[in-house]
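Novice: If you scroll down you'll find the structure; I have some questions about it.
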2 protein chains.
Amino acid sequence: MAPVVGGGVAGETFHKVNFAAPRSFAAAFKSDLKETLFPDDPFHDFKGKPLPIKAKKALQYFVPIFEWLPKYTRKLFMYDLLAGITIASLAIPQGISYAKLANIPPIIGLYSSFVPPLIYSVFGSSKHLAVGTVAASSLIIAATIEAKVNPIENPQLYLNLVFTATLISGVTQLILGVFRLGILVDFLSHSTITGFMGGTATLICLQQLKGIFGLKHFTTHTDMVSVIRVILKNRKEIRWESTVVGVVFLVFLQFTRFVKQKKPKLFWVSAIAPMVVVVTGCVFAYVAHVEKHGIAIVGDLKKGINPSSLKNLDFDPKYLSAPIQAGLVTAMIALAEGIAIGRSFAIMENQQIDGNKEMIAFGLMNIIGSFTSCYLTTGPFSKTAVNYNAGCKTQMANVVMSICMMLTLFFLAPLFSYTPLVALSAIIMSAMLGLIEYDKAYHLYKTDKFDFIICMAAFFGVAFISMDVGLMLSVGLALLRALLYVARPASSKLGNIPDTSVYRDMEQYPGAIDIPKTLILQLGSPIYFANSGYLRERILRWVRDEQAKKASEGDDVEHVILDFGGVTSIDITGVETLVEIRRSLEVKDIKVVIVNPRLEVMEKLIVTKFIDKIGKERVFLSIEDAIEGCNFSLTHQKDCGSEER
Amino acid sequence: MAPVVGGGVAGETFHKVNFAAPRSFAAAFKSDLKETLFPDDPFHDFKGKPLPIKAKKALQYFVPIFEWLPKYTRKLFMYDLLAGITIASLAIPQGISYAKLANIPPIIGLYSSFVPPLIYSVFGSSKHLAVGTVAASSLIIAATIEAKVNPIENPQLYLNLVFTATLISGVTQLILGVFRLGILVDFLSHSTITGFMGGTATLICLQQLKGIFGLKHFTTHTDMVSVIRVILKNRKEIRWESTVVGVVFLVFLQFTRFVKQKKPKLFWVSAIAPMVVVVTGCVFAYVAHVEKHGIAIVGDLKKGINPSSLKNLDFDPKYLSAPIQAGLVTAMIALAEGIAIGRSFAIMENQQIDGNKEMIAFGLMNIIGSFTSCYLTTGPFSKTAVNYNAGCKTQMANVVMSICMMLTLFFLAPLFSYTPLVALSAIIMSAMLGLIEYDKAYHLYKTDKFDFIICMAAFFGVAFISMDVGLMLSVGLALLRALLYVARPASSKLGNIPDTSVYRDMEQYPGAIDIPKTLILQLGSPIYFANSGYLRERILRWVRDEQAKKASEGDDVEHVILDFGGVTSIDITGVETLVEIRRSLEVKDIKVVIVNPRLEVMEKLIVTKFIDKIGKERVFLSIEDAIEGCNFSLTHQKDCGSEER
């Protein structure tokens, strides 16, 4: 860092402003790139360590199992064993249900809880995340691929495209992680996710009415209107037997949730409830031959673990657009869900989760999953919460779940073929009802109307148009707001808080005192092309208003002090605008003074020669100095600055 | 404004923070809307005036001719007369040339300098803007509509679509103006416009080689590669006679520009040069029968003023996409060019230009133009500069030009039919060479590499792909930068400047002093969904680094003071992130203190109950107060705050 140079009208009276030469472009670029892609500085531990330790640390960083497995103890395993068995009991019904939601054979759902958790336990960095299939992604895959291929007429092609979509999703996640583009996930705001989840959950609930009512004909459209219309049209197909069983199961599941809410210690009641429903359903179906009464069962679950699906991957250009679309959308959604959930639980335990590393783990598990007859997996909220509550300590819980699933696939799979579809519908519906967060939406409404609109755009977009339209609408609105934030930055007039050297917004602090002959403006946010036109208008308006106000008091404006403390950066258009503002004000005999430019802004002002133009004596470290400086120039050098006009 | 309430650990020791109740949603929304759409507060003169005066002022506001005409004097007219005749002499060659560029009959170019200037003189608010056709928009219209209809095979349909595009462009501009969406034009940065103009000028220059070389065959593609390829392919068609004449004219025109640059007082030399070229060309063509030597002439210019083109407007859905695309793109480009130019000259004279009002004037002139056989007009830079230099005083100069054009159309049009095409090509080329701003690009390179990249993206995109791709690429990059500004806001560690109560960035002011047991962080820009994840990581990293640094000095971090002075707004995700940060830090026994939240941020923190959560005694007006407060709690209440954890 170069030494501090010059500054101040009368050198010694004022505190020195740093006019050091700007950093080189390479230095500034490197620092910007680091902030953009490595905000968490993952390699801060590496500095000054010898090479073998660096290599070991790097291995532990990229493959977390090398970090936790050496420290693993028998005691930790007891916790993980219990948690693993618990989540396996959830994985079986969820696997079958969500596979049904995606219109693929139920056994694929079970396969998907075997391989991916193993991969995650090697590469994943979250201790609590339980890997599995999720409803939202299952529905998106189904909706997108159904548009190209009918899953009933051409089930094999449909399944192949689902595997292809999974591969594309995994590759996307891997690429995002490797290039550290976790920043993209940041653009899915909480409000968007709340609305999107709510909308998707509503759709899925409606779709489950097919199972609950035991309907034979249904629509491949996913929007609310089509689904309600098809139910009304086929209302004569509704089977009361199925409906009764479904409602009973649903009431039971909702009751266990209610119990959990009232007594969080009884969380296991709601955790095992889906398994209870499935087992009860199977027994009931086996004993009562329910198929004869219009209650369909899953049917045909082959014994044995995942076959290879390498040859199933289908890149036929005729259909490729569907898996690409499904893959890209689900990659983002799955990441947003998985990372947000992993992060939430990590925060509870005061641990750090690296979003980019999680992306790599998710990407690898989906790539390998697509080769071994699995479809898209991520970290579902329900399973992860159960895992955490069941006391899991490390990623070993996923390994335990994986082994349980393997045993199930080898020995128990045929038993589950008696599962009534209506039981699965009830399980899905119950899970979905928990995802519609009325409270959160109401909270948004009360606290931030624009966030509420973003949330509702996602909800209604998903419910009435389609999932991607809803998502894009909501993200678009959120981006619009982001752009408006930068296009219309706040500025305020400052006044002196009595008996202090502090200057604050006069609207916020009505007691603050005006400074004679001076207008102090605080700017915020970067100044650049998108807001420089606005800022010019706004500053000139501030000046005009202040002139009118001061004129009515027999005073006038001779100095405009611009507080740059809140200006984080500036571009060429911004600097040109400053030049214009200065010119416009000097015509009115008003001098512009700048206070406290930040490092990056100062660099740009020096390199564009703006500082030379206004003169170093017009740049101050604090508002107090600036006011003193202005008074000094008013009394001692009435015409100071006129020579440079 | 509600009264100032509470604050400070020990009430009287500290300055009071304003915890006033938030404004209502309606009040905040109204204020935001006003800042977004009416940043210049156009009606500030109206307050408290009686209705008739308000009505008169409104009329004068919306139809500026009512403001300037009543004050008009004979002396002003003498200035405007001279300026009007001068720009008319420029309008004739430019009108014919640019019409040729747009592949429409040359007479349309003359028509376009008759009606639109009249409309602008009524509704326009710039005193210096001279209305006319421009090269960039002419080329865009040609490129877009040629893609649908061949102008040589089907000239009438092509012309009709050009009128339709003009109408769509006018309607777009009118709508943007009425809804005060001038903000959209803000998103075209100076860098984008520099690159776009340079790229377009390069393309147009290359295209003029057709005229200079006297080629008969050419391409309808506009990209550089196609144009160069077709010239090389048809090199045997090159006529030396045409080339010699073209080069002579071009050298003459460039020489007059050079004269103007060296002696700005001789600006009229370059102003009348195009007219000299056209007249010389006509005489030469008439005397030497140049057609026989391979030098084509304009041919066939009918006497008489604009016929109606109402029946020509063509909304056939088969072709409609082309005029819509051309209309939307040219509307934006023409606005950006016209408003920027009007504004530049207004600033020189210290006048205000209302971009939204200009949009309405441009919109009306293009709508009415499309009904009277005119194509797209705006305020071209060359003509406006000549108008200003010729001493124009009001919009009357446009009226004078309009009358000159009318006289030309009635009496002189046939004379111009001898104009050699090569003369027009030379005029266009010369104008274009002036639009390639090497200096500006070099300045960008020296001062802001990212702005340079934005500029080059527009330049190379336009030159090698197509105009809309180039424009979108460049605007996309600029928006990406805008989003990165908000996604990765600057934060810095503050230290005390010795002997003051001022706290500044310790990187910028290496002399600033660390505070024991305390870390002071300055945040900038809004905190919201797109950057809250980053800010959490960054703040935790600051804390980690500071802990390491302080530990090496035998100290530790007990308080983190967040300076919110630069935070202009916050959304729900941002508030949730603050809650998370606070939780993470409290686990490490570090207390979070907030300094100087702005009005809007304070409202959001109150309504979301964040202030209640951290306690009002943790919010301070200034960093100095906060440090005193922290020391106070360290010495007097060792465990202060632990009860609320």
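Every residue gets a Cβ built from N, Cα and C, even glycine.
I grabbed these lines from TrEMBL:
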type	residues	note
DOMAIN	B:508-630	domain 'STAS'
TRANSMEM	B:76-92	transmembrane segment
TRANSMEM	B:129-145	transmembrane segment
TRANSMEM	B:157-181	transmembrane segment
TRANSMEM	B:187-206	transmembrane segment
TRANSMEM	B:267-287	transmembrane segment
TRANSMEM	B:326-347	transmembrane segment
TRANSMEM	B:359-376	transmembrane segment
TRANSMEM	B:396-415	transmembrane segment
TRANSMEM	B:421-438	transmembrane segment
TRANSMEM	B:450-480	transmembrane segment
Novice: Under a Cβ pair cut-off of under 8 Å, which of the recorded stretches B:129-145, B:187-206, B:267-287, B:396-415 contacts the transmembrane segment (B:359-376) most often?
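Specialist: If we count Cβ pairs closer than 8 Å to the transmembrane segment (B:359-376), B:129-145 scores highest.
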Novice: Count up the helix, strand and coil residues in the domain 'STAS' (B:508-630) according to DSSP, in that order.
Specialist: 65 helix, 25 strand, 33 coil
Novice: Mind checking which residues reach the transmembrane segment (B:76-92)? Cβ under 8 Å, same chain, six or more beyond either end.
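Specialist: That would be 110, 113, 130, 132, 268, 271-272, 274-275, 278, 382-383, 386-387, 390-394, 396-401, 403-405, 408, 416.
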Novice: Looking at the stretches B:187-206, B:396-415, B:421-438, which one shares the most CB pairs under 8 Å with the transmembrane segment (B:267-287)?
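Specialist: Counting Cβ pairs under 8 Å, the winner is B:421-438.
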Novice: Are there three or more C-beta pairs under 8 angstroms joining the transmembrane segment (B:187-206) and the transmembrane segment (B:396-415), sequence spacing 6 or more?
Specialist: no
Novice: Hey, which of B:129-145, B:187-206, B:326-347 has the most Cβ-Cβ pairs under 8 Å against the transmembrane segment (B:450-480)?
Specialist: B:187-206
Novice: Mind checking which residues reach the transmembrane segment (B:326-347)? Cβ under 8 Å, same chain, six or more beyond either end.
Specialist: 125-129, 134, 136-137, 140-141, 144-145, 164-173, 176, 182, 184-185, 188, 193, 196, 353, 355, 358-359, 362, 376-381, 384, 388, 467-468, 471
Novice: Report, as numbers and ranges, which residues of the same chain sit near the transmembrane segment (B:129-145): CB under 8 Å and 6 or more residues beyond its ends.
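Specialist: For the transmembrane segment (B:129-145), the nonlocal Cβ contacts are 87, 90-91, 94-95, 98-99, 101-103, 109, 112-113, 116-117, 120, 151, 158, 161-162, 165, 196-197, 200-201, 203-204, 207, 222, 322-323, 325-326, 329-330, 333-334, 337-338, 341-342, 345, 365, 375-380, 383-384, 386-387, 392, 397-398, 401, 428, 431-432, 435, 466-468.
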